[in-house]
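> Under the heading [4Fe-4S] cluster binding site, TrEMBL lists C279, C425, C496, C499. According to TrEMBL, the feature Mg(2+) binding site maps to S326, D388, D389. Residues or ranges marked as domain 'Glutamine amidotransferase type-2' by TrEMBL: 1-260.
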Amino acid sequence: MSCEHRTGFFQIRRVKEAQRIQAGSRVPTAHSTCSACMPVRAGQECAGIVTSNGGCPPIYTSLKGMGLVSAAFKAEDLLKHRNANLGIGHTRYSTTGDSELQNCQPFVVDTLHGKIGVAHNGELVNAAALRKKVMRHGVGLSTSSDSELITQLLALTPPMEELDVPDWVARIKNLMSETPTSYSLLVMHKDVVYAIRDPYGNRPLSLGRLVPVSKLHSSGGGEGDTEGWVVSSESCSFQSIGAKYYREVQPGEIVQISKQGIKTLSVVPRPEGDPPAFCIFEYVYFARPDSIFEGQMVYTVRQRCGRQLAIEAPTDCDVVSTVPESATPAALGYAQQAGLPYVEVLCKNRYVGRTFIQPNTRLRQLGVAKKFGVLSDNFAGKRVVLIDDSIVRGNTISPIIKLLKEAGANEVHIRVASPPIRFPCYMGINIPTKEELIANRPEFEDIAGYIGATSVQYLSVEGLVSAVQSGISFHQDKDERITNSNTKSGRRMGHCTACLTGKYPVELEW
């Protein structure tokens with residue numbers, strides 16, 4: 001991902017990267033692609049779409065802009081894409097690469113067999129070595145984004161490809177052999193889009209079906225209702241463009257999407273014995289609560305985290321509340337398990353962006369100051385247990401506690417529905433240095449005193465993993481359309497907890 005991006009069908013998941021193909025549909029591709037990007041909660045820095053008429057040769061049209069999707073794209077600009085019948089899109093916040101328009105995706109390059117468009121969500125663990133390798137081939141790089149590396153590697157002719165016959169599966173497999181993780185990709189060529197997920201499944205990628213509006217909320221229905229196919233980092237983007245969740249792209253899977261429908265071309269295995277490594281932080285914070293991963297809704301997982309937290313870290317209080325909004329499901333779960341009333345103590349200003357993904361500390365701190373109002377009638381004179389989903393740098397929670405105490409709370413106990421974050425992420429989440437993390441600073445020894453809380457306790461790593469994985473086994477056999485060659489006996493569970501434990505799923509290269 002060269003940064004945390006999301007794709008979303010038509011508009012482009014996550015969401016981070018989004019893409020959509022129409023199969024005889026009259027739904028405008030550009031407007032659909034843009035609409036899919038807007039539900040995505042990440043990606044405040046820039047957004048881009050690339051559409052194609054699917055002709056021979058295809059005509060590609062690009063549109064990119066800085067800021068949120070609503071600011072980057074104007075209605076008159078989308079008119080240039082009105083004749084397109086497929087497209088990919090992307091929203092970005094940078095984890096690598098500068099916050100500049102030149103790093104905005106999707107990237108489009110010429111290859112021996114015509115133009116390709118590429119959108120990437122993730123961050124390559126061996127980007128530095130790959131940059132040197134690409135440059136040794138005489139290829140210049142125009143951006144600091146590792147997503148451009150992916151584009152250039154796909155443009156290189158693999159050894160097994162015949163000179164005049166494009167073999168995109170071979171090119172994609174060649175790319176996957178060069179870098180183990182972390183990426184979910186959309187590659188557009190002529191009238192086809194390829195959806196690819198790395199063998200560890202570190203970043204999410206979901207498939208959806210465009211259906212008639214009358215069928216959108218009905219249960220059942222076969223593929224005969226399908227008007228087109230979409231792909232997104234998060235399934236939450238589907239409904240806004242008239243699509244229904246179909247399934248996830250499996251770890252290592254290469255899916256071809258065309259007018260004929262979807263087809264699995266290959267599943268690239270992980271090294272023998274390695275489990276999957278889906279990012280557990282997607283469940284904790286990053287994903288929208290109505291997204292579906294591994295057959296379970298994120299909201300439900302967060303509720304289980306809250307229940308487990310109440311078991312591990314009970315407290316003698318009067319009311320349970322939350323730091324809105326991503327911690328709300330966990331707070332409800334905590335209240336249910338503890339038998340305490342849930343009340344709202346904070347009113348969120350919905351016109352302020354997410355503070356965690358602002359690119360620098362000053363902007364994050366200013367965001368916190370404008371973000372919340374206090375509902376003092378609900379808690380004045382009471383002991384409050386406040387549930388948060390995570391404490392990364394500690395910039396947000398301290399002023400919130402101060403607000404509550406000044407508004408009349410007798411006590412403010414903090415319970416965190418995830419373990420302390422101690423290690424940086426090198427696979428697409430913006431946690432760049434250990435020094436920034438509150439759990440690694442001397443103040444953590446007395447974190448309650450440092451942030452002004454009555455007490456602070458965290459969910460254990462074991463408790464988080466249990467809450468996440470207890471719902472997967474129930475759904476595990478629901479969709480066996482894909483024979484996953486990553487295991488001999490079907491799917492395995494596994495999650496990346498590197499930011500919590502320091503155990504990375506692959507060896508990092510510098």
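Just so it is clear, glycine is given a Cβ too, placed from its N, Cα and C backbone atoms.
Nobody curates TrEMBL annotations by hand; they come from automatic prediction.
The model shown is predicted, which means the values in this text are computed figures rather than measured ones.
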> Would you find the one among the binding-site residues C425, C496 whose Cβ has the most company, meaning other Cβ atoms within 10 Å?
C496
> Just how many other Cβ atoms lie inside 10 Å of the Cβ on S326 (Mg(2+) binding site)?
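The answer is 23 other Cβ atoms.
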> Nearest to C496 ([4Fe-4S] cluster binding site) by Cα, among S326, D388, D389 (binding-site residues)?
D389
> Sorry to bug you, but what's the C-alpha spacing from C279 ([4Fe-4S] cluster binding site) to D389 (Mg(2+) binding site), rounded to the closest Å?
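C279 ([4Fe-4S] cluster binding site) has its Cα 15 Å from the Cα of D389 (Mg(2+) binding site).
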> Which residues does C279 ([4Fe-4S] cluster binding site) neighbour through Cβ under 8 Å, counting only same-chain ones at least six apart?
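Long-range Cβ contacts: S182, N202, R203, P204, F286, M427, G428, I429, H495, C496.
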> Taking only the Cα atoms, work out how far D388 (Mg(2+) binding site) lies from C499 ([4Fe-4S] cluster binding site), in Å, as a whole number.
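D388 (Mg(2+) binding site) to C499 ([4Fe-4S] cluster binding site), Cα-Cα distance: 17 Å.
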> Who sits close to C499 ([4Fe-4S] cluster binding site): which same-chain residues at least 6 apart have their Cβ under 8 Å from its Cβ?
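For C499 ([4Fe-4S] cluster binding site), the qualifying residues are F281, I421, R422, F423, P424, C425, I429, I431.
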> Please work out the number of neighbouring Cβ atoms within 10 Å of the Cβ of D388 (Mg(2+) binding site), leaving out its own Cβ.
22
